[in-house]
Amino acid sequence: MKINKKQIVFFILFSIFLNHVNGIFYLPGMIPHDFAQGEEGAIKVNKITSVHTQIPYKYYQLPGVCQPKEGIIDDTENLGEILLGDRIENSDYTFNFLTDGGKCKVINSESCSPIIKKEDLKVLEDRIQNQYRVHWLLDGLPVRQTGRLASDPGFDLGFMTLAEGQTVATAEKYLNNHLEITIFYHSNPTDNTSRIVGFEIFPTSRQYKKVENWKGDTGDDCPQYGENFEQLSVSVKEGEDQERFVLWTYEVKYTPSPVLWNKRWDIYFESNDNSVHWFSILNSLMIVFILTVMVAMIIIRTLKKDIRRYTSIDTSEDRDSQEETGWKMIHGDVFRPPSHPMLLSVCIGSGVQIFSMTLITMIFAVLGFLSPANIGGLATALIVLFVLSAMFAGYFSTRVFTIFKGRNWKKNTIYTALSMPGIIFGIFFFVNMFLRGAKSSAAVPFGTFASIIAMWFGISVPLVFLGSYFASKKPVPEDPVRTNQIPRQVPDQIWYMNPYLSILMGGILPFGAVFIELHFILTSLWDNQFYYIFGFLFIVLMILIVTSAEISIVMCYFQLCAEDHHWWWRSFLTAGSSSLYMFIYSVSFFRYLGITKFISSLLDFSYSFIMSLAFAALTGTIGFYSCYFLVRKIYSSIHIN
């Protein structure tokens with residue numbers, strides 16, 4: 001069998017694609033691990049994060065922490081984990097299940113010096129001042145700090161004490177070097193095995209007595225703890241000792257739990273805010289109801305009455321009525337192609353692509369096929385589905401372009417394939433340079449960039465062309481009415497129908513429909529918390545679709561009645577302007593985090609812009625098609641001589 005170059009290239013690209021797809025979907029409740037008594041287990045370390053900087057780092061980038069004796073081994077990570085800055089690695093924090101409870105162990109070995117110099121102490125002090133939290137994993141469960149909400153994962157790297165007259169910068173910083181680990185387990189009496197159903201850490205600070213000529217020979221037992229139970233300060237002041245003796249120690253205790261293995265994630269998603277979600281949904285449903293009544297009045301009462309009038313016998317009374325109604329008077333211009341038709345068709349294609357990605361992801365999430373245990377699975381699913389939805393982008397972009405009487409559909413296809421992905425990739429690449437300069441774990445390695453580019457040009461672009469090809473072969477739908485050769489002049493508009501004002505007014509209601517849920521999403525995103533209430537989010541998405549469609553229909557009808565036939569772009573921008581409010585809110589939300597660093601602000605501005613751009617394409621496309629079907633319906637229902 002002869003294999004040509006095209007088959008080899010396709011096989012390579014398909015392998016890259018499958019490598020990122022593998023594992024993002026799972027069936028809840030599968031693949032538990034049964035621990036036997038005495039079985040050795042190990043904790044895996046991940047990243048450290050801060051809500052005040054938004055710049056994650058690898059755990060082993062912390063100065064003074066002990067690396068594993070066997071060397072650092074990275075877990076295989078999916079695309080979403082890499083983009084989110086997760087770097088899961090092995091550690092020497094081990095345990096023998098149910099047999100070593102309460103025993104204090106030392107991590108430091110002969111190769112891991114307990115002496116931390118002044119320069120490294122300054123780094124630790126900075127991390128504690130910025131309230132960095134440490135993220136670990138055990139049996140796929142993220143660690144949570146004892147006494148904290150489970151939705152707020154990780155444990156404190158250290159803490160500060162503020163004396164009177166001190167600021168955060170001058171406060172004493174203490175390092176949490178001793179960890180009290182609690183493993184919750186559910187026993188299976190039939191085979192004397194157990195499953196881990198919970199993982200907590202209570203971090204404390206211990207100033208151990210200095211051991212001279214350290215050789216790592218303390219054994220497993222912790223050395224003597226100071227009689228006054230002093231805490232380990234990492235704050236370095238002039239005239240004081242410029243180094244610290246730091247031992248990393250831990251102890252494990254085991255607690256039986258009635259929680260079943262397939263319910264162990266429930267505690268991470270418990271929320272006291274369900275009433276807020278329901279209030280938001282009910283409030284949005286009231287808006288939808290009001291808009292639905294308005295649309296019904298327009299279609300049933302006004303339009304049907306007008307259509308019956310126009311299709312009746314042409315009397316002088318009818319002619320007078322026709323002159324009073326504006327939307328029929330612009331029938332010769334209403335299907336005139338808009339300005340910049342290619343740009344609008346590209347926006348529509350991108351909007352359909354984002355809509356498809358969002359809807360399919362939400363369906364999988366609601367059905368439970370996106371695993372919370374698979375870190376980065378949701379982000380990977382979004383990227384993969386965005387790539388696969390490129391075919392819809394090509395099809396609908398070309399379809400709209402041919403409706404606009406466009407001829408160069410191949411050029412339109414190229415713009416569709418490169419515009420939205422290119423903007424996102426360009427912003428991401430620019431931000432990544434700063435993250436790489438900061439040595440953050442969120443900096444994407446070259447290999448991942450190569451994979452993204454391969455997926456873009458090897459899968460997404462061909463799918464766009466494939467969709468465009470199918471669309472170009474379909475006949476162009478005929479307009480219900482003929483377009484005049486000379487454009488009709490638009491009369492002066494009343495103040496509230498000013499294009500800029502009406503567009504800005506139209507975006508308020510779609511934004512209002514998602515406002516509350518947006519707050520929870522941003523809190524989850526920037527506070528490194530869990531967000532998994534996709535049932536509420538799916539309802540909000542449906543409300544957003546209906547709201548965007550109905551507000552666009554209402555505003556479009558008012559525009560046509562005002563004899564303004566430039567409705568193509570306005571139908572897209574009316575609902576799409578909600579993204580402006582989203583961007584303003586997202587940027588202002590950052591002030592709540594108290595961030596002042598340039599890179600952190602750049603991250604917020606860039607990611608808020610990407611999110612708002614996608615939201616504009618999504619809502620704008622919904623508004624466009626709603627108005628398009630309305631206009632075709634009403635003008636195909638009347639007879640024009």
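Please read every residue number as a count from 1 along the shown chain.
Cβ coordinates come from backbone N, Cα and C, glycine included.
In Swiss-Prot this protein carries:
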type     : residues : note
SIGNAL   : 1-23     : signal peptide
TOPO_DOM : 24-279   : topological domain 'Extracellular'
TRANSMEM : 280-300  : transmembrane segment
TOPO_DOM : 301-349  : topological domain 'Cytoplasmic'
TRANSMEM : 350-370  : transmembrane segment
TOPO_DOM : 371-374  : topological domain 'Extracellular'
TRANSMEM : 375-395  : transmembrane segment
TOPO_DOM : 396-413  : topological domain 'Cytoplasmic'
TRANSMEM : 414-434  : transmembrane segment
TOPO_DOM : 435-445  : topological domain 'Extracellular'
TRANSMEM : 446-466  : transmembrane segment
TOPO_DOM : 467-502  : topological domain 'Cytoplasmic'
TRANSMEM : 503-523  : transmembrane segment
TOPO_DOM : 524-532  : topological domain 'Extracellular'
TRANSMEM : 533-553  : transmembrane segment
TOPO_DOM : 554-578  : topological domain 'Cytoplasmic'
TRANSMEM : 579-599  : transmembrane segment
TOPO_DOM : 600-608  : topological domain 'Extracellular'
TRANSMEM : 609-629  : transmembrane segment
TOPO_DOM : 630-641  : topological domain 'Cytoplasmic'
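Residue counts for the topological domain 'Extracellular' (600-608) under DSSP, helix first, then strand, then coil, are 9 helix, 0 strand, 0 coil. Of the Cβ pairs linking the transmembrane segment (533-553) with the transmembrane segment (579-599) and spaced 6 or more residues apart, fewer than 3 are under 8 Å, so the two regions do not touch. With DSSP states grouped into helix (H, G, I), strand (E, B) and coil, the topological domain 'Extracellular' (524-532) comes out at 3 helix, 0 strand, 6 coil.
Residue counts for the topological domain 'Extracellular' (371-374) under DSSP, helix first, then strand, then coil, are 0 helix, 0 strand, 4 coil. In this chain, the transmembrane segment (280-300) lies close to the transmembrane segment (503-523): three or more C-beta pairs between them fall below 8 angstroms, excluding pairs fewer than 6 positions apart. Beyond its flanks by at least six residues, the topological domain 'Extracellular' (524-532) meets 49, 51, 54, 133, 135, 151-154, 268-269, 372, 589-590, 593, 604 of its own chain at Cβ-Cβ distances under 8 Å.
Secondary structure of the topological domain 'Cytoplasmic' (554-578) per DSSP (helix as H, G, I; strand as E, B; remaining residues coil): 18 helix, 0 strand, 7 coil. Comparison of 350-370, 414-434, 609-629 by number of C-beta pairs under 8 angstroms to the transmembrane segment (503-523) places 609-629 first. Secondary structure of the topological domain 'Extracellular' (435-445) per DSSP, as helix, strand and coil residue counts: 3 helix, 0 strand, 8 coil.
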